[in-house]
């Protein structure tokens with residue numbers, strides 16, 4: 001029996017990119033009552049006075065007109081500043097390396113936007129994320145990795161709750177990126193050949209150091225080896241992340257071998273950046289971590305232990321872990337030592353194809369001793 005989707009209203013978050021354009025197109029073709037909404041989260045007028053959001057909104061309007069759906073623009077600049085950007089700055093201020101995309105999804109795209117969509121009479125919201133939604137016989141929603149393994153975005157969606165997922169659709173989840181491009185080209189969408197946006201949304205193509213220095217004053221300090229050798233000056237702890245190789249300016253200085261130099265630690269109180277030679281430098285290896293802001297995609301007990309796999313950064317293979325959860329905190333013990341576990345980044349849990357949720361890394365440990373990462 002065919003279902004009548006025309007009575008189901010879906011509000012699509014449209015960015016002006018090809019993914020969200022095809023999302024709207026597919027839902028329209030499936031008979032849903034579709035409305036497109038462009039979110040303006042950041043005043044991104046560049047040094048030439050060109051606002052890229054204006055260009056993106058024009059693309060949204062062109063696509064919406066092509067596929068025959070109404071569209072609106074909503075301004076979330078204040079919400080974004082308060083809930084995402086202030087968090088981003090606070091994390092850098094405390095020597096950590098945040099992932100603003102995780103917080104943007106949690107607070108803006110699936111909270112502020114979801115709330116706004118409800119005022120438009122939405123039954124669901126949809127975005128162009130590469131993830132899959134599966135509903136079981138009890139009505140519980142499971143979030144699965146996107147079919148396109150190279151594009152899977154469940155890592156960035158790991159802070160979504162069951163309540164948020166119940167109202168969410170990911171129409172691209174079963175497609176390869178190449179198929180999405182082909183659909184856009186076949187339909188002659190205005191965004192079919194538009195290149196994907198890269199980097200953090202509010203920085204765009206700007207130089208990261210320059211951008212950050214507008215908001216946080218850089219404090220130069222000493223760059224040291226773990227055994228106390230002074231290697232020169234660092235530009236400010238906030239500019240470096242654990243495991244980073246480039247940008248240290250000490251490539252010519254050797255320490256007995258020809259291995260490259262890496263950031264292996266930070267001491268915020270002394271404003272010291274620690275460096276060491278070798279990709280697997282012992283200071284970069286850890287055996288467990290503490291995380292907070294733990295969020296599971298399904299209802300779970302307040303306290304439990306879980307054996308699963310985890311990712312500690314976006315583009316890395318899963319690693320086997322044991323997770324000890326207590327309310328919104330967790331201790332994650334690794335089956336094998338892990339490299340460059342970075343406070344502020346997301347740790348995300350998986351059971352096979354299913355994303356179970358995740359948290360934010362607070363501290364890494366090596367055999368029970370804290371690593372000097374902040």
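Cβ coordinates are placed from backbone N, Cα and C, and glycine is handled just like the others.
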Subject >> Candidate sharing the ATP site with 13, 14, 15, 16, 17, 18, 19, 20, 39 (per Swiss-Prot), from 68, 95, 121, 128 >> reply: 128
**OP:** Work through the recorded positions one by one (104, 129, 345) and name whichever has its CA nearest to the CA of residue 13 (ATP binding site).
**Re:** 129
Subject >> Separation of alpha carbons, residue 104 (active site, nucleophile) and residue 39 (ATP binding site) (Å) >> reply: 12
**OP:** Round to a whole number and give the Cα-to-Cα distance in Å for the pair residue 104 (active site, nucleophile) and residue 15 (ATP binding site).
**Re:** 14
Subject >> Cβ neighbours of residue 17 (ATP binding site) where a neighbour is any other Cβ within 10 Å >> reply: 20
